[in-house]
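Engineer: Found this in Swiss-Prot, in case it helps:
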{"type": "TOPO_DOM", "residues": "1-22", "note": "topological domain 'Virion surface'"}
{"type": "TRANSMEM", "residues": "23-43", "note": "transmembrane segment"}
{"type": "TOPO_DOM", "residues": "44-97", "note": "topological domain 'Intravirion'"}
{"type": "LIPID", "residues": "50", "note": "S-palmitoyl cysteine"}
{"type": "MOD_RES", "residues": "64", "note": "phosphoserine"}
{"type": "MOD_RES", "residues": "82", "note": "phosphoserine"}
């Protein structure tokens, strides 16, 4: 017999559920874990775009520019942009046989 067995019995007022050993610590722990899992799953589905975008892009920020003069910030931006700007002649086509 399982610890999580539920028995439904008809009564005068309708159907009621009598759980065997509902005060067992294992049943209580399983119920708490189940409820927490459900809450976390619902939050994940509601906020998955925010959460995963934060994890994907939030940790890839550039170095802090606090205390750096504006001229050096602009020079850094230009270096970063020139590293990104590559014309099509620099790409190599690789053909697999």
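Backbone N, Cα and C atoms are what each Cβ position is placed from, and that goes for glycine too.
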Engineer: To the nearest Å, how far is the Cα of residue 50 (S-palmitoyl cysteine) from the Cα of residue 82 (phosphoserine)?
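Structural biologist: Approximately 31 Å lies between the Cα of residue 50 (S-palmitoyl cysteine) and that of residue 82 (phosphoserine).
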Engineer: Residue 82 (phosphoserine) has how many other Cβ neighbours within 10 Å of its own Cβ?
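Structural biologist: I get 9 for this one.
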Engineer: For residue 50 (S-palmitoyl cysteine), list the number of other Cβ atoms lying within 10 Å of its Cβ atom.
Structural biologist: 9
Engineer: Need one number: mean pLDDT over the topological domain 'Intravirion' (44-97).
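Structural biologist: Average per-residue pLDDT within the topological domain 'Intravirion' (44-97): 70.
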